[in-house]
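Noted in TrEMBL for the protein shown:
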| type | residues | note |
| --- | --- | --- |
| DOMAIN | 238-278 | domain 'EGF-like' |
| DOMAIN | 279-317 | domain 'EGF-like' |
| DOMAIN | 318-356 | domain 'EGF-like' |
| DOMAIN | 357-397 | domain 'EGF-like' |
Amino acid sequence: MGSSCWPSALGARLFALLNNPWSGPSKEKQQVFSFLDSKTLLLLLVNVLTRSCHRSTGRPHRFTGWRCDNLSKGNTRIHINMSFELRGLSWSTNKRMLSVLICVICCIHSGKSQTCTEGFTYEHRARQCIDIDECRTLPDPCRGDMRCVNQNGGYLCIPRGLYSQSYARNSPRSYPEPSYPEESYPDRSLGYSEPFIPNVPPVGAGPGPGPGPSYPIVSRSTPCILGYTLGADGTCVDVDECETQSHQCNPTQVCINTAGGYTCSCTEGYWLVGGQCQDIDECRYGYCQQLCANVPGSYSCSCSPGFLLNADSRTCQDVDECATNPCSHGCLNTYGSFMCTCDEGFELAADGTTCNDLDECSFSDFLCQYTCVNTPGSFSCVCPPGYYVYEDGRSCEDLNECESGNNTCTTAQVCFNFQGGYTCLNPLRCDPPYIELNDNQCMCSAENPACRERPFTVLYRHMDLSSGRSVPADIFQMQATTRYPGAFYIFQIKSGNEGREFYMRQTSNISATLVLARPIRGPKTIVLDLEMVTVNNVINFRGSSVIRLTIFVSEHPF
């Protein structure tokens, strides 16, 4: 073969690029070096060095660090020492050689850094990306009762029952060992109009002995991959395993068709546990604000009394029950309920909504002095005839008919008012032998023999007394108006005290008091004759005067 180790046309173009490595389009250089392996690049380097030396000196030069024993195809052995000797090379030649070395290293590195997409690997000899058979290279790629089927750029795991015989390789097929015929590289010395791609057959594609791929081969015998079928128009259409009932989902699962296969899933409200779809108890996770009822595949929210379920079917809002006027009186809305209130004088009934009147009169006998009358929500006090209700609304005050003129007395009569009533007193009439001394006193003259055993004077007095008045009580006082030397006075009840309700208590020599000893219930009129006896032993005189006291006892104790 001589000293030339590569085609002259390509070598000339490469030598032109290496002599001027910093000029020319970089894309053209990459196209030249993109298909060269490391051995070819070393041969190119030797040729470039030889031609460089010859051009710089005009004669061949000897390199001590390398030799080319045989450049015949397939038997080339090149020995290179890292140190070599160049004779007669100028500095410009050294610079060109240094550029060549850098360019060669970059080209080799660029070839090694060729990358492919996931699932493929770069084949340097074929200069293209080939598929990785994961079913053979990966340890146990599919688990369980699943079969691995290789695909371009990946692999599938399918149940063995669904594995079609068309894709199974029960017996190994024979494929030819790939051979690489010598390529005839075109002459591109005038330029590169398109990238150079050698025609290398794919590995394992031809007939003959050899290991076959584990993935389905798209050919005339098997036109479609697993999960597809040949349609009427000659194209591959997806097989709907869910519609044809060719899936293997269990009865609790739902079949979902996918491109080239199917998936087994659970409906909403279920989750997959141990290959079975089990109901999700949403109530355990607080989906509802208040009440939750779990149902197969779903849940139902409800609210406590007094609340209303919102539009989101989960939360609850308070119901304003007072808007419907459930109470007979007042209503107070509360969170989740309401409360009825009653006006003053009423109490809430057992049903919690109606109000019953309070009978205040039944609470005590002392609300009113006389009689308590219950009214809706309140009460009122009334008094008997002859009385009126006092300012406090409870006490009874005597109505003085004599002052108000609300009486039936004539002009000749005298109106006497007492507790709860009045009486009309007739004009004084003195019974003989008494004569009228004034409007309320009668006198019996001492010269009249008929008067010797009678009181000298009779004085008429009137008073009122409340029924049941507490005892003892001083109710009337009498006193001598004239004092005589050597005389003393005796006070006593002469008549009218048959029941012994009264007694006289002498308070001094000339006075005494009438005392009520027992309660008296009215209405009643009592007439007492209170006698004052005058005794004078010096002149041997004994005489008396009488006060005729009329007591009007009222019907009521007020």
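In case you wondered, yes, glycine gets a Cβ from its N, Cα and C as well.
Counting residues 6+ beyond its ends, the domain 'EGF-like' (318-356) has Cβ neighbours under 8 Å at 304-308, 376-379 in the same chain. Within the chain carrying the domain 'EGF-like' (238-278), a Cβ under 8 angstroms from the stretch's Cβ atoms is held by residues 156, 158-159, 161-162, 225-229, 296-299, all 6 or more beyond its ends.
Broken down with DSSP, the domain 'EGF-like' (279-317) shows 4 helix, 16 strand, 19 coil. Averaged across the domain 'EGF-like' (357-397), the predicted model reaches a pLDDT of 93. Taking DSSP states H, G and I as helix and E and B as strand, the domain 'EGF-like' (318-356) has 4 helix, 16 strand, 19 coil.
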